[in-house]
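**Q** Pasting the relevant annotations from Swiss-Prot:
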ACT_SITE  D242  active site
BINDING   H14, H16, K97, D242  Zn(2+) 1 binding site
BINDING   H16, L17, R18, N42, H136, H246, A258  substrate binding site
BINDING   K97, H136, H170  Zn(2+) 2 binding site
MOD_RES   K97  N6-carboxylysine
Amino acid sequence: MPQTLQLTNPMDMHLHLREGEMLSAILPFSANPFSAAVVMPNLKTPITTTAQALAYKRQILSLCSTSFEPLMSIFLTPDLDKQELIRAKEAGIHILKLYPKGSTTGSEKGVKEMLCEKTLHIFEIAQELGFILSIHGESNGFCMEREYEFLPIFAHIAQHFPRLRIIIEHMSDRRSLELIEQYPNLYATLTLHHITMNLDDVLGGGINPHHFCKPMLKTKKDQQALLQAALNAHPKVSFGSDSAPHLESAKLNSKGAAGIFSAPILLPALAEVFAFHNALDCLQTFISNRAIANYKLKHFPIKTITLERVENPVPPYINTPLGHIIPLRAQTNLSWRIKEENR
């Protein structure tokens with residue numbers, strides 16, 4: 001087995017960077033090893049306009065000590081109009097993010113009726129202008145079936161808007177894999193946690209709130225199917241971490257926040273998984289090439305990340321001015337670490 005590994009232009013196609021002091025504290029974990037990342041718009045005040053997105057991008061870049069391209073997205077609301085979409089396109093923003101209302105953190109201003117006339121009209125304009133539609137696809141039903149119950153909506157949009165590129169974000173259900181095979185314009189992202197864990201890691205040995213996320217971790221069969229898609233670098237699947245930091249105090253209460261903070265360990269942990277399954281030769285394609293192709297990326301900083309096979313202890317917490325954040329794999333040892341970042 002190789003003792004070192006080079007990755008070129010890692011891409012994270014689903015990332016939560018938050019704002020204010022939290023943004024300042026966590027940004028380096030993503031900006032340093034990744035060339036670019038799709039930045040989620042679900043802030044306390046959602047990013048619903050081009051002006052807001054550009055201001056947020058400037059804030060992110062002002063805090064970067066390395067070359068990094070934030071790929072901004074617009075929070076889709078029923079009030080989004082063609083002029084705003086044109087402004088976004090002219091500013092280099094190509095991603096719309098659709099949240100079903102109340103489906104996850106910061107989605108209170110999301111869309112209530114997925115297929116109403118207003119929403120379909122926005123899809124039509126988005127198709128015309130060449131946008132990518134990224135969707136947190138969950139119903140309001142039983143928590144383990146929410147993604148599956150949303151699949152007919154994905155199918156409807158894919159059928160009626162065949163030139164609109166649609167992303168099933170943070171795919172968690174093996175039945176979603178079957179759907180992306182049916183429609184040429186339907187793609188997906190996969191997280192580290194959905195390919196390495198299942199519901200047993202949340203509830204099997206006592207409740208672990210640090211593994212609680214949306215969409216929920218599913219069954220062992222789901223995990224295995226998604227893992228194989230990653231290990232094989234499925235042509236329609238890109239890596240998207242959905243790294244979502246919450247303070248420890250927000251996770252450890254009676255209404256614990258949904259989200260897993262994986263940014264500090266992403267590349268070493270992925271190297272560990274792919275090495276264990278003798279698939280290191282597919283990691284470059286999964287972590288970068290698929291995103292560049294599926295999102296038609298043309299402008300991003302060139303980076304080479306060198307990893308080495310050596311014990312890498314994960315700290316018990318990440319300290320911020322606001323309090324502690326518990327990272328994924330806290331207080332365990334990874335078998336790979338980042339040795340060098342050429343940027």
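Just so it is clear, glycine is given a Cβ too, placed from its N, Cα and C backbone atoms.
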**Q** Should H14 (Zn(2+) 1 binding site) be counted as helix, strand, or coil on the basis of DSSP?
**A** strand
**Q** Would you kindly give the Cα-Cα distance separating D242 (active site) and H14 (Zn(2+) 1 binding site), rounded to the nearest Å?
**A** 5
**Q** So of all those binding-site residues, H16, K97, H170, which one's Cα sits nearest to H246 (substrate binding site)?
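**A** With Cα distances computed to H246 (substrate binding site), the winner among H16, K97, H170 is H16.
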**Q** C-alpha of H136 (substrate binding site) to C-alpha of H170 (Zn(2+) 2 binding site): distance in Å?
**A** 8
**Q** Restricting the comparison to the recorded positions H170, D242, A258, which residue's C-alpha is spatially nearest the C-alpha of H16 (Zn(2+) 1 binding site)?
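**A** Its closest listed neighbour, by Cα, is D242.
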**Q** Distance check, please: Cα of N42 (substrate binding site) against Cα of K97 (Zn(2+) 1 binding site), rounded to an integer number of angstrom.
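**A** Spelling it out, the Cα of N42 (substrate binding site) and the Cα of K97 (Zn(2+) 1 binding site) are 9 Å apart.
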**Q** Taking H16, L17, R18, N42, H136, H246, A258 as the record's substrate-binding set, what's the max Cα pairwise distance in Å, rounded to a whole number?
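**A** 19 Å is the greatest Cα spacing among the residues binding substrate.
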**Q** Can you give me the Cα-Cα distance between K97 (Zn(2+) 1 binding site) and the residue listed as 'active site' in Å, rounded to a whole number?
**A** 13
**Q** If you count, for each of the binding-site residues R18, K97, H136, H246, the other Cβ atoms lying within 10 Å of its Cβ, which residue has the minimum?
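**A** Among the binding-site residues R18, K97, H136, H246, the lowest count of other Cβ atoms within 10 Å belongs to R18.
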**Q** Tell me, which binding-site residues from L17, R18, A258 are within 10 Å of H170 (Zn(2+) 2 binding site) if we use the C-alpha atoms?
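**A** Near H170 (Zn(2+) 2 binding site) by Cα: none of them.
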**Q** Work out how many Å separate R18 (substrate binding site) and the residue listed as 'active site' at their Cα atoms, rounded off.
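**A** The residue listed as 'active site' has its Cα 12 Å from the Cα of R18 (substrate binding site).
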**Q** Cα distance, D242 (active site) to L17 (substrate binding site), nearest Å?
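**A** Each residue's Cα considered, L17 (substrate binding site) and D242 (active site) end up 10 Å apart.
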**Q** Need the DSSP three-state call for A258 (substrate binding site) to compare against my parser.
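**A** For A258 (substrate binding site) - judged by DSSP and reduced to three states - the answer is coil.
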**Q** Let me know the DSSP-derived helix, strand or coil state of K97 (Zn(2+) 1 binding site), please.
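**A** Strand, per DSSP.
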